[in-house]
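Annotation source TrEMBL lists domain 'Phospholipid/glycerol acyltransferase' at 92-207. The feature region 'Disordered' is assigned by TrEMBL to 261-289. As annotated by TrEMBL, signal peptide applies to 1-23. The transmembrane segment annotation in TrEMBL covers 30-50, 123-141.
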Amino acid sequence: MELWPWLTAALLLLLLLAQLSRSARFYAKIGLYCAFCFTASAMAAVVCLLRHGGRTVENMSIISSFVRSFKYAYGLRFEVKGREILDEDRPCVIISNHQSILDMMGLMEVLPDRCVQIAKRELLFLGPVGLIMYLGGVLFINRQRSQTAMSVITDVGERMVREKLKVWIYPEGTRNDNGDLLPFKKGAFYLAIQAQVPIIPVVYSSFSSFYSCKTKLFTSGTIQVEVLDAIPTRGLTVADVPKLLDTCHQAMRTRFFHISKIPPKNGAPSGPTAQENGAPSGPDAQEAQ
């Protein structure tokens with residue numbers, strides 16, 4: 001049986017529904033986004049294998065070029081301030097806020113050379129998406145095994161310095177579209193202090209004016225991206241993790257509200273007070289998407 005007629009009919013049905021309902025338009029765009037991800041991943045995987053033959057951080061530039069094209073289909077623009085801070089030739093830990101599945105486009109828009117991400121192990125099994133993440137050198141952590149997660153963090157710290165890698169982490173640990181930042185987990189800060197490398201915060205403005213799962217909104221829009229000054233960790237120890245975490249959270253939260261042009265939520269904590277002192281547990285030891 002020919003598959004293409006059915007796919008064409010399904011696409012036409014989606015387009016028809018998209019004209020009738022805001023919810024239908026939302027889900028049609030999400031479905032198209034997922035289709036883009038799988039298709040681009042399969043195509044990029046072939047290019048990566050032909051160019052570099054296997055798993056390497058050098059493949060990230062190829063992956064980035066594919067993903068950056070998505071924004072044209074959705075009418076999205078990224079206005080970036082401070083990109084030169086990311087491009088400095090040094091190992092570092094990059095942290096950013098995490099709002100939705102669209103964050104991948106924002107990540108690839110400013111991704112510097114020799115930069116890898118830390119992600120939850122489950123993503124490895126997402127077909128071509130998992131394959132391209134593997135080929136790009138993404139570091140996978142099993143959140144159910146804290147000792148394994150900490151072992152990966154230790155290995156990453158040594159590798160960062162040895163290979164001059166940048167590591168991108170979402171310290172909130174999960175997507176968050178509540179109009180504020182969640183408390184940060186500690187893994188990124190343990191990693192930076194262990195490797196004695198700076199932390200570079202990257203803040204993306206709120207997506208709420210053009211994207212919302214709650215109201216089924218998905219239109220075109222502009223995302224402000226601001227790269228903050230690097231925060232040094234030279235000479236810091238594990239005892240300094242809570243203070244470092246709080247400093248980063250405060251700075252990113254302040255910039256988030258500023259570039260999003262929205263006031264802080266009433267009663268929202270000004271810092272990650274929910275985090276307790278001590279060694280990181282399994283979820284804290286990694287910062288998955």
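Note that the numbers count up from 1, one per residue, in the order the chain is shown.
Heads up, the Cβ atoms here are built off N, Cα and C, so glycines get one too.
Keep in mind that this is a model prediction, so the values were computed, not measured.
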Residues from the same chain, set at least six apart from the ends of the transmembrane segment (30-50), whose C-beta lies under 8 A from its own: 14, 59, 62-63, 66-67, 69-70, 73-74, 101-102, 104, 127-129, 131-132, 135-136, 218
Mean of the pLDDT scores, which run from 0 to 100, over the domain 'Phospholipid/glycerol acyltransferase' (92-207): 90
